[in-house]
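Q: Sharing the record's features from Swiss-Prot:
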- Asp8: active site (ACT_SITE)
- Glu67: active site (ACT_SITE)
- Asp139: active site (ACT_SITE)
- Asp8, Asp139: Mg(2+) 1 binding site (BINDING)
- Glu67: Mg(2+) 2 binding site (BINDING)
Amino acid sequence: MAIILGIDPGSRVTGYGVIRQVGRQLSYLGSGCIRTKVDDLPSRLKLIYAGVTEIITQFQPDYFAIEQVFMAKNADSALKLGQARGVAIVAATNQALPVFEYAARQVKQTVVGIGSAEKSQVQHMVRTLLKLPANPQADAADALAIAITHCHVSQNAAQISETRLNLARGRLR
């Protein structure tokens, strides 16, 4: 069993999603958004750090998965996003959580099957995979999709490692 916290970082809205993985089964534990309504960036970053720390304390995750920075057309936006990611990662590492990063295209490919999927498609698939009664809000859905991606990637890595080990032992040909 593992609990995974997914984070969709943003300087104004940071989505989070928490799921439990038992074997191949995924179950929803919680999701939402950390909203920063103040104008100055240092105060927003402090709120993101405090919010992520509170979520970690509440859910006690085993793994922390976060979206990688993409190259935005606006350099200022990319820098702010990078800073928001940074404080979220520091909150995780301060709690000794292993941090995993996934590109947005990889998340969409894993959850929807198309790397260029629309937000509504991600929301629908997250709802379906986690058997939710309604679509989660967009930022929370993205965070849940990041957590789901971590489950799939780590599960595939474990299967590959097991296959390599069996090959080395001469059990597979």
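Placement of Cβ uses the backbone N, Cα and C atoms for every residue, glycine included.
Note that the structure is predicted; figures quoted are calculated from it, not measured.
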Q: Which chain-mates of Glu67 (active site) that are at least 6 residues away have a CB under 8 A from its CB, listed by sequence?
A: Ile7, Asp8, Pro9, Arg85, Glu101, Tyr102, Ala103, Ala104, Val107, Asp142, Ile146
Q: Have a look around Asp139 (active site) and count the other CB atoms within 10 A of its CB, chains all included.
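A: Other Cβ atoms found within 10 Å: 24.
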Q: If you run the three-state DSSP split on Glu67 (active site), which class comes out?
A: strand
Q: For Asp8 (active site), just give me the three-state DSSP call.
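A: Reduced to three states, the DSSP call for Asp8 (active site) is strand.
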